[in-house]
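J.: Can you read through this structure? Questions will come right after.
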Amino acid sequence: MIADVSKSDKIVVEKSTVPVKTAEAIEKILTHNNKGINFQILSNPEFLAEGTAIEDLAKPDRVLIGGRETPEGQKAIEALKAVYAHWVPEENIITMNLWSAELSKLAANAILAQRISSINAMSALCEATGADVSEVAYAVGKDSRIGPKFLNASVGFGGSCFQKDILNLVYICECNGLTEVANYWKQVVQINDYQKSRFVKRVVSSMFNTVSGKKIAILGFAFKKDTGDTRETAAIDVCHGLLGDNAKISIYDPQVTADQIMRDLAMNKFDWDHPQHLQPMSPTAAKKVDVVWDAYEATKNAHGVCILTEWDEFKKLDYKKVYDGMQKPAFIFDGRNVINVEELRKIGFIVYSVGKPLDPWVKDLPAAPPS
C-alpha cells in the first residue's frame with residue numbers, strides 16, 4: 001500500500017516488535033514496487049510499558065533507531081533522530097544497524113522475563129527451605145550490578161509481549177542452528193508455566209486435595225495493575241486449573257469487563273491474537289464462572305481467595321470483613337505478595353503467599369505438581 005500511494009522518496013519506520021529481518025522483507029517489497037521512488041527502512045522499536053505509557057513516551061530510557069549503514073540510510077536515521085531530539089536528550093537516542101535495533105527489543109523483553117522467572121524459581125526454593133523471597137530479592141537487588149527491578153516473585157508473568165517475544169527469539173535461534181541457545185530461552189517460559197501450575201497445586205492440596213464444588217474468589221484478572229489488559233494473564237491458567245477440578249469461580253477485577261473474562265476463559269491459547277469475530281465462545285466456562293463488581297461480593301461464602309493482580313485496593317481491603325463472610329477454614333492464596341501475611345494469620349486465615357515461609361497447614365503438602 002505504501003508503494004502504491006507514494007509519489008516521492010519515503011522513510012518507512014517500523015515501530016512494532018517484529019521478527020528480526022522484518023525490515024529486510026519490507027525493503028524487498030518496496031524496492032520491487034518502487035516506480036523510481038527511493039525508500040529507506042528504519043527500525044525504531046517502542047519500549048512503552050502498560051500502565052505508564054505516557055510517562056514512557058515523554059521520558060524514555062532510550063530511543064533506538066536502526067538503519068542501513070549507507071549514506072542514504074544514515075541520512076534517514078538523522079531525520080528521525082531530529083524528530084525525537086525535540087524532547088529526548090541526545091545521549092538517550094541510540095543509533096545502530098537494522099538488525100541490532102530489531103534484536104535489541106526482543107533481547108530486552110527476554111531478559112526482563114528471565115529476571116521474573118529467576119526470582120520465581122527462587123520462590124519455590126524459599127518455600128521449601130523457610131526463606132522469604134522478598135528478603136532474598138531485596139538483598140539481591142541491593143547489588144548495583146543487578147538492581148531491584150523485576151525481582152518481585154509472583155504467580156507468573158503475563159502480557160502480550162514476553163512469551164511471544166521469547167518464542168520469537170527461540171525460533172530465530174533454531175533457524176540459525178543454535179539449539180542450545182534456543183533451549184536456554186525456552187526454559188524461561190517453562191519456569192513461568194511451572195510457577196502457574198505450582199500455584200494451582202498449592203490451592204488444591206491446601207483445600208483437602210479438591211476444590212470440586214467449592215467457591216473460589218479470584219481477585220484481579222488483568223496481567224498487571226493499572227491496566228485492563230488480559231492477554232496471556234496468569235489468571236487464565238489459574239482459573240483453567242481450578243475449573244478443571246470443578247471449582248466454582250467468582251471473579252472481581254476493577255478494570256476488566258465480564259465479557260472479556262468470559263471470552264478469555266473460552267479461548268484457546270494465542271487466540272487473543274485473532275480478530276474478535278474469529279474467537280470461539282464456549283458455553284461451559286459460563287456455568288461455573290461468575291463475574292462480580294465488588295471484592296466483598298466475590299469473597300462472600302467462598303472457601304478460598306486467590307489474589308492474582310497486584311491492584312492497590314487489594315492491600316486496603318477490610319480482611320476481617322472478608323474473613324467473616326467466608327466458609328471456614330478460610331484460605332487466602334496471595335499470588336502477588338500484596339498482603340501482610342502475619343496480620344491475616346492473626347485474623348484466622350490460612351495463608352499461602354508465593355515464596356514466603358509456609359503456614360504449618362500447608363508445610364507437609366506436596367510442593368510441586370507431578371510432571
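Going from the start of the chain as shown, residues are counted 1 onward.
The backbone N, Cα and C atoms fix where each Cβ goes, and this holds for glycine too.
Predicted, not measured: the structure shown is a model, and the values here were computed from it.
These came from TrEMBL, pasted as-is:
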{"type": "BINDING", "residues": "Thr17, Glu50, Lys164, Arg231", "note": "NAD(+) binding site"}
{"type": "BINDING", "residues": "Phe47, Leu48, Ala49, Glu50, Lys105, Phe150, Leu151, Asn152, Ala153, Ser154, Gly158, Lys224", "note": "substrate binding site"}
{"type": "ACT_SITE", "residues": "Cys161", "note": "active site, nucleophile"}
{"type": "DOMAIN", "residues": "217-341", "note": "domain 'UDP-glucose/GDP-mannose dehydrogenase C-terminal'"}
J.: Of the residues in the domain 'UDP-glucose/GDP-mannose dehydrogenase C-terminal' (217-341), how many are helix, strand and coil by DSSP?
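T.: Each residue of the domain 'UDP-glucose/GDP-mannose dehydrogenase C-terminal' (217-341) counted once, the result is 49 helix, 19 strand, 57 coil.
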J.: Rounded to a whole number, how many Å is the Cα of Ala153 (substrate binding site) away from the Cα of the residue listed as 'active site, nucleophile'?
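T.: About 19 Å separate the Cα atoms of these two residues.
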J.: Between Cys161 (active site, nucleophile) and Thr17 (NAD(+) binding site), what is the CA-CA distance rounded to a whole number of Å?
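T.: For Cys161 (active site, nucleophile) versus Thr17 (NAD(+) binding site), the Cα atoms are 8 Å apart.
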J.: Hey, what's the Cβ neighbour count for Lys164 (NAD(+) binding site) at 10 Å?
T.: 17
J.: Could you tell me which of these binding-site residues, Gly158, Arg231, has the greatest number of Cβ atoms within 10 Å of its own Cβ?
T.: Gly158
J.: When the pLDDT values for the domain 'UDP-glucose/GDP-mannose dehydrogenase C-terminal' (217-341) are averaged, what is the result?
T.: 90
J.: Around Leu151 (substrate binding site), which residues of its chain at least 6 apart sit with Cβ under 8 Å of its Cβ?
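T.: In sequence order, Arg115, Ile119, Ala137, Val140, Gly141 meet the Cβ cut-off.
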J.: Determine the C-alpha span of the NAD(+) site listed in the record, that is the greatest distance between any two of Thr17, Glu50, Lys164, Arg231, in Å to the nearest whole number.
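T.: Farthest Cα pair among residues binding NAD(+): 16 Å.
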J.: Just checking: which of Ala49, Lys105, Gly158 have a Cα that is within 10 Å of the Cα of Thr17 (NAD(+) binding site), counting only these binding-site residues?
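T.: Lys105, listed in sequence order.
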J.: In sequence order, which residues at least six apart in the same chain have a CB under 8 Å from the CB of Lys105 (substrate binding site)?
T.: Thr17, Pro45, Phe47, Leu64, Asp165
J.: In the structure shown, which of the recorded positions Ala49, Cys161 has the fewest other Cβ atoms within 10 Å?
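T.: Ala49, out of the recorded positions Ala49, Cys161, has the fewest neighbouring Cβ atoms within 10 Å.
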J.: How many neighbouring Cβ atoms, not counting its own, are there within 10 Å of the Cβ of Glu50 (NAD(+) binding site)?
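T.: Other Cβ atoms found within 10 Å: 18.
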J.: Taking the Cα atoms as reference points, how far is Lys164 (NAD(+) binding site) from Ala49 (substrate binding site) in Å?
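T.: Spelling it out, the Cα of Lys164 (NAD(+) binding site) and the Cα of Ala49 (substrate binding site) are 15 Å apart.
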J.: Based on Cβ atoms within 10 Å, give me the single least packed residue among the binding-site residues Thr17, Phe47, Ala153.
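T.: Per-residue Cβ counts within 10 Å for the binding-site residues Thr17, Phe47, Ala153 bottom out at Phe47.
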J.: For NAD(+), what surrounds Thr17, Glu50, Lys164, Arg231 with a Cβ no more than 8 Å from their Cβ centroid?
T.: Gly159, Ser160, Cys161, Phe162, Asp165, Glu232
